[in-house]
Amino acid sequence: MTVILDGKKLRDELLDELKNKLSSYNVIPKLVVILVGENPASRIYVNNKKKTAEKLGINSEVIVYPADISEKELLAKIEELNVDNSVNAILVQLPLPAHIDKSKVINAISPLKDVDGFTPENSGKLLAGENPYVYPCTPKGILLLLDKYGIEVDGKHVVIVGRSNIVGKPLAVMLLNRNATVTVCHSHTKNLSEITKTADILISAVGEKLIEDNMVKMNCVIVDVGIFKDINGKTRGDVDFEKVYEKTSYISPVPGGVGPMTIASLMLNTVELFDLQTKRSCD
Ligand code: NAP
């Protein structure tokens, strides 16, 4: 029988635990989210993050800039937030307008306030097999979900479709660090279905309808990271859920799978950074 990997349920459990933990804090952690421009999807993501933080009692501030803000001005704001002791976590919502160098902006965030775990120091630690200050939110959420359902990755063949810096690449490293055998596929991969059919665990992070039932082996585990709107405006994942479902042992739905876990991880990361910073300032 197929088991649904219920990200909403786990998110609620994790956030309840976090809320309890925060009730003993004298100072409230603070997350600052920077949003540049009027991308409607980004606006929704940022609002969800703010709403979740508020429910937990995390102090959250959203700074909105017009799309034509200069790179210099944005970098100056990040520098100001880096040295502001009341700010524990900084997130720059991606994508950024084309005239702004994304790498420069990410690199400007203090690694100790880098709640996405994207700075070179944090991603370098990850690659070196060390613990970064925090792990990137979506890969972290996926591993929390697999752990919750007792899905062992050690020795398993995990196929990841998608090699972005925010999902595929860090996830591949995190799985390697847990002794999985990892194959990463992308738009230049030849014979994709021959590879996906060998997966014990298939994780798809592309953003289009891609994974059909003839691309998966019986009893595999599927994690669907992709999100897009179909022609009827319905939110969909990369995987043809209805057709693939019967063949899987576990499968995450869209919506309700990885998305809620990403937000939960962001909240966990904010509190982890707060703990690290306050411990440091006590030393
Ligand atoms: P991205 O940066 O656009 O990366 C997409 C990846 O998919 C790229 O590596 C691309 O290959 C690969 N790809 C595209 N078409 C392909 C094909 N036909 N066959 C195989 N690989 C293909 O996207 P992202 O930021 O990682 O996000 C991916 C999806 O996950 C999006 O739908 C996004 O909305 C969703 N997402 C969801 C969450 C969540 O919390 N649920 C979080 C993050 C992202 P190339 O590298 O060769 O171009």
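A Cβ is built for glycine as well, from the same backbone N, Cα and C atoms used for every other residue.
Annotation source TrEMBL lists domain 'Tetrahydrofolate dehydrogenase/cyclohydrolase catalytic' at 5-116. Averaged across the domain 'Tetrahydrofolate dehydrogenase/cyclohydrolase catalytic' (5-116), the predicted model reaches a pLDDT of 96.
Residues or ranges marked as domain 'Tetrahydrofolate dehydrogenase/cyclohydrolase NAD(P)-binding' in TrEMBL: 136-275.
For R163 (NADP(+) binding site), the number of other Cβ atoms no farther than 10 Å from its own Cβ, over all displayed protein chains, is 17. Classification of R163 (NADP(+) binding site) by DSSP places it in coil, neither helical nor stranded. According to TrEMBL, the feature NADP(+) binding site maps to G162, R163, S164, I227.
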Of all the binding-site residues here, G162, S164, I227, which one's CB has the most other CB atoms within 10 A?
G162
Which residue counts does DSSP give the domain 'Tetrahydrofolate dehydrogenase/cyclohydrolase catalytic' (5-116) for helix, strand and coil?
55 helix, 19 strand, 38 coil
Go ahead and report the DSSP secondary structure tallies for the domain 'Tetrahydrofolate dehydrogenase/cyclohydrolase NAD(P)-binding' (136-275): helix first, then strand, then coil.
54 helix, 29 strand, 57 coil
